[in-house]
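Written out below as structure tokens is the structure these notes cover.
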Amino acid sequence: MSYSARWMSDGEDDRRPSHRRRCANNSNNMPLQSTTSQQPITIGNRELTSRFFLAPLAGYTHHAFRVMLRRLGGLGLATTDLVQAQMLVSQTRKSMELVETSPEDRPLSVQIFSGVTEQLVQAAKWLEDHGYEGIDINMGCPMAKVNGSGGGARLMCDTTGATEMVGRVIDAVDLPVTVKMRLGWDNENLTAPELAAAFEQIGVAAVTVHGRTRQQGFQGTVNREGIRETVQAVKSMPIIANGDVRNSDEAFSMLDETGCAAVAIGRGAMLDPWIFRKLRDIEQGITPHKPTADEQVAFLSDHFHLMREQHGDYSCFLFRKFAAWYGGRLGIPEDLEDRLRRFESAAEFDSLLKEIRARHGERESEIATALIKVPNGPVEHW
Ligand SMILES: Cc1cc2nc3c(=O)[nH]c(=O)nc-3n(C[C@H](O)[C@H](O)[C@H](O)COP(=O)(O)O)c2cc1C
């Protein structure tokens, strides 16, 4: 079974009765909200209206997906896929696509990566010069091609070097600089608390912590205790907790158990694009929005056509991989989901959409197929 399938199959679903709801004295049968504060969260000069953020997912969290989520409501901050710093400054076609944005796509941070300080500095300046509002430095990527050149999670192995590097970026720009990292390289090197404390000293605006080590890759479970220790290592810099949040119960328990200021949700947003809207509804004390069949089909259609505005016919290829995530929650019958994973033209998509509309809800399982491609095999070979 793929990592993703396993990740999906053991989770609770918002629509199913949860332990939290069963046990609580909650006569309206409403999901409970967190006991932690609901103060607006400020990152640098940006006050965010929600403490639920979108975690970057390379290949997925492009402009179209971010805008679609924003239209549904409740999303605090979004971050682009990781962009190689040197490629950004050279304005390669791929990097320009990754940083494509629009006025509707706010607030946004651009995530950059490199093992070379000067490249990060130049990329940060480029982003500032081109009107971007936030810079996120990747210190969590486990891929060999990123770690091999000293970037991503490799930076967590040299806490002094990483702190100097981030300090140089902060000195070079006026934009808020954030860092996204893991708990450490492996269980013997859990450097997240030490790094977070050092980053706070030099003026990092916030740190996102994915509660796994690089060694873990995407295996095993998220170590919330490790995230909590990182929260406890800083005075007031916001820590954004991340990992395996798939529904509102998991989002609120992440806040409660770690004491974090915000929660970043990645794959959970592809499983349920309404997750941010639902979290906002719960925080406002109203019944979480349950999307109608029409809304679900409209979401599918709008996402694809928005993607097409940017990528033209290449969107057919790009969109296919969303099908495995969307099918379960959007009520797409299995055979139509299968065709959605193979369609080749916009006309084919539109005719498929008609069939989905006509047969919406025939699907038997709400579990997503989730055939997302993540690296296989031992982490050393990534
Ligand atoms: C396909 C995929 C792509 C990812 N791309 C990025 C990335 O570009 N930058 C980054 O910091 N993390 C990236 N991540 C890690 C996620 O941001 C997140 O830390 C991880 O998936 C755990 O959160 P989740 O369980 O909410 O998805 C990626 C993860 C996956 C599965």
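Positions of Cβ are set from backbone N, Cα and C atoms, glycine also.
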Recorded FMN site member, picked from Gln91, Gln111, Gln119, Gln122, that accompanies Lys180, His210, Gly266, Arg267 in TrEMBL: Gln111
Under 8 Å by Cβ from Lys180 (FMN binding site), counting only residues of that chain that are 6 or more apart: Ala55, Pro56, Thr79, Gln111, Asp136, Ile137, Asn138, Met139, Gly140, Val207, Thr208, Val209, His210, Asn242, Ala264
Length of the line joining the Cα atoms of Gly266 (FMN binding site) and Cys141 (active site, proton donor), in Å: 14
Between Arg267 (FMN binding site) and Cys141 (active site, proton donor), the C-alpha gap once rounded to whole angstrom: 16
List of residues, in chain order, with Cβ under 8 A from that of Cys141 (active site, proton donor) and at least 6 apart: Leu82, Phe113, Asn147, Gly151, Gly152, Ala153
Residue, out of the binding-site residues His210, Arg267, whose Cβ gathers the largest set of other Cβ atoms within 10 Å: His210
